[in-house]
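S.K.: Please see the structure below; I have some questions.
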Amino acid sequence: MMDKDSFILPKDFPELRNDTFLRAARGEEIEHIPVWCMRQAGRYLPEFRESRAGKDFFETCRSPEACCELTLQPLRRFPFDAAIIFSDILVVPQAMGMEVQMCPGKGPTFPEPLKEPEDLQRLKTQVDVYSELDYVFKAITLTRHKIEGKVPLIGFTGAPWTLMSYMIEGGGSATHSKAKRWLYRYPEASHKLLSQLTDVIVEYLLGQVKAGAQALQVFESHTGCLGPVEFKEFSLPYLRDIARRVKDKIKESGLDNVPMIVFAKDGHYGLEDLSESAYEVVGLDWTIDPRSARVRTGGKVSLQGNMDPCALYGTKESISEIVRRMLEGFGTKGYIANLGHGLYPDMDPENVGAFVEAVHNHSRQLLKR
């Protein structure tokens, strides 16, 4: 029998009590700098490992109750200013008809990756996200109710190039050479696949907003293997298309606009372009200097990031000092503190707490000046 929670409707949500994250995303006044972490619902938490023990990863992703619980776990420990729904970027290729398995110690694996352009015929041409990915929407709606207005809930997706790379490589890759071979050898087929992915992603993000997501993040995790020319041809146009189309559809649906974040990891060369792409927030990794990022984006967007996650292996004192420098570099306006990548499984939860505390404390000092 289905849990009654599965039938909870995306309306009458509890009132939001802490909207600091949403205000910072829009560049509005704040009392403290908001902070959250990519992969804050993750294996570094003993309770997360306990909840996940012995369960198939994607089976967990398909359980709204499990996703809700995992999303809420970090909020019980730390005063984060936002939650991000527990899910995975690879649910999109699954919805398009590809099989993905999570192999312990190896990560996500596609038993039958796309090898040549004719393999595109294996993908569904029409994807009904509301039937294929309804479990994500249900998880978002359930979590919005269970979070009781404590903080906003972020929905997310992988970006087209990042998903294309997984679908061709068959998993993670150091060089992405199989996927990049397509860009150089089969540019037309590459654009066809990227367009197909974009269409599904737009509907998927709209569905997340309808379900209750209060912000959206688009993860372009594999920007670093592209040069500036390839980025401008195979990544940027699709990132822009997603933001514009999602915003148009939100408007058409009579829903309130939600802030959108684009995170193109290692895409320094694209910073100016990304700041003119209809996203309210640009996420940064730790290889960019905060002050130069401010200059290069010219106040057009809010910024999110960008502490090296490995700084969390240091002492609480060093974490506090690194956070102070980071905040002084970014300034307090239009800024969301985060890491420049996700939390790693072997990190000490105590140090994650120290990071959050340092952001809140230092930002209150800065705002008094």
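Note: Cβ is positioned from N, Cα and C throughout, glycine not excepted.
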S.K.: Which residue of His191, His268, His341 does Swiss-Prot report at the same coproporphyrinogen III site as Arg39, Ala41, Arg43, Asp88, Tyr166, Ser221?
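M.R.: Looking at His191, His268, His341, the one Swiss-Prot places in the coproporphyrinogen III site next to Arg39, Ala41, Arg43, Asp88, Tyr166, Ser221 is His341.
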S.K.: Record lists Arg39, Ala41, Arg43, Arg52, Asp88, Tyr166, Ser221, His341 as binding coproporphyrinogen I; longest Cα-Cα distance in Å?
M.R.: 24
S.K.: Give the helix, strand or coil assignment DSSP yields for Arg52 (coproporphyrinogen I binding site).
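M.R.: Helix, per DSSP.
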S.K.: Using a Cβ-Cβ cut-off under 8 angstroms and a sequence gap of six or more, which residues of the chain neighbour Arg39 (coproporphyrinogen I binding site)?
M.R.: Gly342, Leu343
S.K.: If you skip the near sequence neighbours and keep only those at least six away, which residues in the chain come within under 8 angstroms of Asp88 (coproporphyrinogen I binding site), Cβ to Cβ?
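M.R.: The answer is Phe57, Phe58, Cys61, Pro108.
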S.K.: Within 10 Å of each Cβ, count the other Cβ atoms and name the one among the binding-site residues Arg43, Arg52, His341 with the highest count.
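M.R.: Output for this query is His341.
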